[in-house]
Structures are given as C-alpha cells and as structure tokens.
Amino acid sequence: MDLPLSDEQIRELDESTLDYLLWRNKGIDITQLANSLQVDAPTLQEDTNRLPLLARKWTAIARLQRRIMSLEQNIRDLREASIEMNAPAFSPESSESARIAWIAPAQPRASITLESPVTGVRLHPELAVVFVSTEQGRLHCFDLMDITLPLASIQAHTRAITSVDVFCWQQTTYVVTGSKDMQVRVFTWSAGQGLKLLRSFAGHEHVVSGVRIWVGPRTTNIGGGSLLLASCSRDTSVKIWDVNSGWCLKSFQPHSDWVRCLDVYGEFLITGCQDSTLRLTHWPSGNGLSVGLGHDFPVESVRFIGSLQDAVTTEGRTNNWLGHCVSTSRDRTSKIWLLPQPRRLPQRPPVPHSTDAQFLCKWTLRGHDSWIKAVGSRGDHVFTASDDKSVICWNWTNGQCLKKWNRIHQGFVTCIDLDDSNHPLKRKIMVTGGIDCKCHIFMQ
C-alpha cells in the first residue's frame, strides 16, 4: 500500500525510526536495516537524556489530541450558550413560559475574584447588583454589568460571614449578615453612600449560622407590618428581631442541637438542624407545628418553595397541606417535602395537627457525590450546590433532573442565588460562590 507521504517524508520517517531503535537498544546492529531502507545508519547520540525525534512527535500528538478535545467541548458549550441567548420568541405566551423555565447556560458570563473563599451571595431584588460575603468577614457589592471594581466594600465582621440576605423596603435596601463572631448586623446600601452599618444585634451565644429579613404580616400580634429579622445559631436558638427598634421580639428553641439554617414565609418559619431533622414553627407564638424526618446527616439548607395555602379552599373544602419546602443534607440528597396543615383555632395561634404532625417526603433527589451545601429556587426549579464542585437543576414538581453543571468551581460550591421568576424586569440571573474565591455570574 502506498503511503500518503512524499519521498522526503518517507526518508525522514525511516531515519527517525532507526534513530529511535538505536536509542532504545544501544547494542543493536541496524546497518542491514538501514541498507534495506536505503538510508544512512544513525550514530549513537552522546546526550542519552534527549528523546529522539519520533518519541517527541508522538508525545506532541497526544498533547494536541487532548487540546483538540478540550476545544471541541468549548465549542459545544459556546454553541449551546449561543442558542439559548438567541432563541427566538414566537409569541408573548411562549416567550413568558420560556423566561420562567429559563436554565442558566453552561458557561458563566463573568467571574469575580475575591480575596478569600466566598461564603454567601445575594442578588439585589430590583437592581443588577450582587452582594458577596467572604471567609474573612468582608461584604462586597458588585455591579453585574461592570465587575472590574466593587461598588462598595466593608469589613462587616471580625470573623467569617456565614449567611447574607437582602431586602428592599420603603425605597431602602437592607443587607443583613450573620457571622462566626456571634453577631448579626444590618447594613443599608445605596449607590451614592455605599454600605453603612445600621444596627448590630448581640444575643446569640455561639456561631450565627443563618439569617433572613422580611416584613411581618399585619395580621400577627408581634411585629406586624414591621421590618423583621430572623437568626439561627449553634446555641440551638432562633431569635426574631425588630430592625428599627433593635429589640428581640421572640426567642425559642425549635431543636436541641445546632440550628444550621432557616427560611421564613409570612408567619411560618422552617429550620434545619445538626440532628438531621427539620421543624416548622409558628414564629409569633413559638409553637412547633410539625417535624421532618428522613435525612441521615445534618441538614445544610432549607427553603420554602411555591406558595403556602390557606387551611380552607375557595370551595370550602379543608386543605390537608400547607405547602412545599426543599432541604439539602450532608447525606448527599435533597428532599422535597409536603408540609402538613396545622390546626387553626379562633383567636388563637396555630397548633400541631392532632393526627398529622410530620412532613411528607414527596421526592428524594439524588445526583451529587458529596455534601449539598446550598439550595436556590426559581419557579418550578430548584438548584442544589455541592462540595462535589457541581450544581444540579431539578424540577421540584416531578423530581426530574434537568441539567448538571460539572466542575462549576475549582473547589466546593458554597452558595447559590437566583432572581425571582416573577421579577418585573423579567431578568434571568444565577450567581454561585465557592471556596476557590470565585463568584460566577450566569445571565441572559
């Protein structure tokens, strides 16, 4: 068979082959082989550490092949991102459905490099701004359209920030942080003034592990219509604070171990604990309403999803379920729970249902290989971030895995946040943070 090579290339290949054989076995006599190939017999090289030409080309081909495979993967990712960015909208209805069902592209639009591992990220509810907290206790504010320099930066705590939350109320942006220094602090932010400390709350006796800020329902007899703050701690307590007055309105112990995370919806508060349980509490009264059992290791994050329902439907029939929540754990699973409806009595706070006081596990989501540290939600989707360096998007209504971002960070993924699918500006943003000191921004 004729080789697809010129005479000169054939001669160089024969010489390189003989040179390689002599380099491999210096005692071999290749004179006869050289004569049969009609090339000059090579001489023994003095530098025995130098690879012959054939070996160098062979390793170069392997490196080029790996590079080609990497470039082909990048092309596929970029093509996928381009299709998502330029997908046409055929009608207002289909465009709105696609926006609500949006899933972030494979590659981030931009990345922010911080001075230490990222511990928390929160999007501004109204502006294209993200707040990032770090292991060194610093709180940064970045414009998503220009991340070259932060809009504001402050040393918020003396130790690592463990949790951050943002809320807009009466034309003011409030940023709340919890820290390992046992402090809870509230800052105000504006484009002109930056971050300004409004108030510090001292009352916990151990690490503050989670914070949430919201406006209390006017129907409650405690903090109704006021700006409230909830914090949980390793001291096993949950505290409700009035941001304006600085008073602690309520303190209760939903668990007997470290309360690692919490979320608030109206007058209901849900917590996850070191003992692997979850608990739903009516925070104005402190009444424990129901408990979630099913995780094998500590619960790392918890979040209400969807909307909570009234006890009686519009048709007058009793509704057995209050709503849904999602929890993530060190057992490498996430669970979608149905929350049982508490018993409501006239002129009295809710109490546990007499026959049904346990969460019902609707779905168990498996796909991560390590601890699942954080969870975010957007419409019918929940996003779980794990120590296996990946993020997975799930449809929480049916438990289906929709997309997985492998090696989204070079280390553990510690936090995630997404914009609200009902945002009036119809934006599509996802941000993640990791111990690689990076904050990745996915947007369209």
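Glycine residues also receive a Cβ, built from the backbone N, Cα and C atoms like all the rest.
Straight from Swiss-Prot, the features:
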type	residues	note
COILED	59-87	coiled coil
REPEAT	113-152	repeat 'WD 1'
REPEAT	156-199	repeat 'WD 2'
REPEAT	204-251	repeat 'WD 3'
REPEAT	254-293	repeat 'WD 4'
REPEAT	307-347	repeat 'WD 5'
REPEAT	367-406	repeat 'WD 6'
REPEAT	408-444	repeat 'WD 7'
Are there residues at least six beyond either end of the repeat 'WD 7' (408-444) with Cβ under 8 Å to its Cβ atoms? List them, or say none.
84-85, 99-100, 102, 104-105, 108-123, 125-126, 128, 130, 132, 134-135, 142, 144, 147, 370, 373-379, 383, 385-387, 389-391
Cβ under 8 Å, sequence separation of at least 6 from the ends of the repeat 'WD 4' (254-293): give me the contacting residues as numbers and ranges.
206, 209-210, 212, 214, 216-217, 219-223, 230, 232-234, 236-238, 240, 299-304, 308, 322-323, 325, 327, 329, 331, 335, 337, 339-340, 342, 349-353, 356-359, 361
Residue counts (helix, strand, coil, in that order) that DSSP gives for the repeat 'WD 6' (367-406):
0 helix, 24 strand, 16 coil
Across the repeat 'WD 4' (254-293), what does the mean pLDDT come to, as a whole number?
96
